[in-house]
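K.L.:
Got a structure here, written out as structure tokens. Questions coming.
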Amino acid sequence: MTADLFRDAWGVPHVRAGDHLALARGQGRVTALDRGWQIEVDRWRAEGRLAEHLGAAGVEWDRFARRARLADTAQRAFDRLPADVQDWVAAYVDGVRDGLLAGGRPPEVAALDARFGDVVEPEPWPVWAPLGVLLVAHALFSTFPRLLWHDHVLRTLGPELAAVVVPDGTPPGRDAQDGTAHEPVAGSNAWALHGSRTASGRPLLAGDPHRILELPGPYQQVRLACPEYDVVGLAFPGVPGVAHFGHTGTVAWGITNAMAHHVDLFRERLHRDGDRVRALGPDGWEPTTVSTERIGVRGADDEPVEILETRRGPVVVDRGAGAAYSVRMPARVDLDLGVACLPALLRARTAHDVAAAFAGWVDPVNRVLTADTDGTVLSLTAGRAPVRPPSDRRFPLDAWSPAARPAPWLVLPEPVAVTGVAVDANERPAGRAPDLGSGYPSSSRAHRIADLLRGRGSLTVDDLAAVHGDTLLPTAEPLLARAATLDGLTPAADAARARLLAWDRRMDAASPDAALFVRWRSAVIDRLVAHPVLAPLHEPHGDGALFDPWFAVAGRVADALPRLLDEPALDPAAVLRDAWEDVATVEPQAWGDVHRVRPVHVLDGIPGVVAPTVAAVPLAGDGDCVRSTTGLPGFGGSVYRGSVARWVWDLDDRRNSRWGVPFGAASDPRDPHFTDQLGDWAAARTVPVVTDWELLDPEPWPVGGTS
């Protein structure tokens, strides 16, 4: 049985088939046609073979992927899937193979061939590849890179200052807008409205995930229809079904990251005796499994990599001299990535069905909001995390301590019924959800969304656009408050301060005051980064270049504002005063003139290869705005993180729903749908979800393959 392909005006694929396996095959095929380069890159990442295609630029990732046992975990997890789920994944892979054959060589592959002067022939997708792609999407989307940074802070600054820079895992005793844990401004927004708050009397769900702005984007708009179900949603390219955001017609759901401590990191002490390696555990010296693999490097010699696994997990960082770090990942421990819940989500009819499906979710831990046409709205937490006291979530654990013994998985609470408004924005939970983490971003986004919805009724889909696009920056207030009473400023600096104290705190693209604020905030950060007390943070961390982003001192200092300004050893009054003088005479310019999108591409930085890009459109917002757009540290840094999708699900009539992605449905720069959603995304707008088949354009499958 074959699948039929339709597209809407934005090139979004709508796939229809006579049964669910033919549909999975069709989804795989259209994904390969629309996102072939992207899914091949993620497959190479899963296999630890990126350098075979990109050359030296891929070695650091490959070393991590091999050490972390990503491919082995994905293969073994596939083998443990129920037979019917294996068949479903295999059908998707069959479609991917067909689509890659029919789609031809992507332009990025041709550019690499020209750069290296050779041709790397494509290989058929292994049947376990979708599990590898899912694992790649979350391998570094976890707690352990942050714990490496925390350990660096402890080693370089000592425990007293580390207590200022690193969170203690307890809620703050004062202004909640300060945040609780100096975490990077990242995460997502989601909110649910009970029918008592809407014009239709049925629920509305909406939100937007925030991640690195990759080109192509990490989510794919798709519609999947067969006699068993008809689902619209945002899929991970390379993974069948719809995981994070979907609408089946009778039930919808969306997730945010719970910021849980779900991956343990251990300091290992290793002893080498010839080819044997032992690790010190809670009960003494233990054997490890060890082998050596070779990373193929295009245009260069192979690189050896040692693969070592202790009883706690794979060693991901080896500093030599017996010092190393291992990780205990739920997916590796249980050989389960939660893939079996994906077909269950497609078949869900009620909010309780969605909750039951997410009971099988593994990694990372997410908060879920779900609602159905009967009016039920539920809030729940899904995923696996170890039982750990807050004190054990702050730093790596010593592998030889009793705390290193395997901890059981937490038993998560039952779903909570929502009777009004529910908001999730990665904040420290207060009531509905369990507190599973040690680090949370500012609660400002959650508070702001709640404020925008508080006391309002008869809300519609159109009303929620203002929430997605809100530019108020609540975290500006506590920072400016610390500078409001400074004395000793020059007249020019005092005028700049007065201007910002009168500013409306909105990060609008046309606002010169927003630009001045960021220039001043950047000056504060620069002076803190250069302060002698924090100088040890600049010492090499020794954990490998892959982890450099977590050790960027300017970014981590920015995350720790305004709390660092309460530390007397850092001379906060002098820092603030000097920062005002730094910006006293700057020429005014609009925020959008310097705050412009610059997505990352895997080909960035490879000599002799020009990576695809998009127009550097001006953007409103900032990291702690609901309209989250995060630039690199420093004034005028390109925006590299933001909303990677926006979605609004209407439970009264799915045809009223809306969605959007930053760029477009296609990954080929030559395709008209490569960036045709960029303008709407930059303006915080969405496009309609079209579900009437007669309004869609049928498209024949290209010649090649068998779907």
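Here the Cβ of each residue, glycine as well, is placed from N, Cα and C on the backbone.
TrEMBL entries are annotated by machine, without manual review.
Okay, so TrEMBL annotates it like this:
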type	residues	note
ACT_SITE	Ser188	active site, nucleophile
BINDING	Val263, Asp264	Ca(2+) binding site
K.L.:
Look up Val263 (Ca(2+) binding site) in the DSSP assignment and report helix, strand or coil.
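P.N.:
Its secondary structure by DSSP: coil.
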K.L.:
Using C-alpha atoms only, work out the spacing between Ser188 (active site, nucleophile) and Val263 (Ca(2+) binding site) and round it to an integer in Å.
P.N.:
20
K.L.:
Under DSSP, is Ser188 (active site, nucleophile) part of a helix or a strand, or is it coil?
P.N.:
strand
K.L.:
Please list residues from the chain of Asp264 (Ca(2+) binding site) whose Cβ is under 8 angstroms from its Cβ, counting only those at least six apart in sequence.
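P.N.:
Expected: Phe144, Arg312, Gly313, Val327, Arg328, Pro386, Arg388, Leu397, Ala407.
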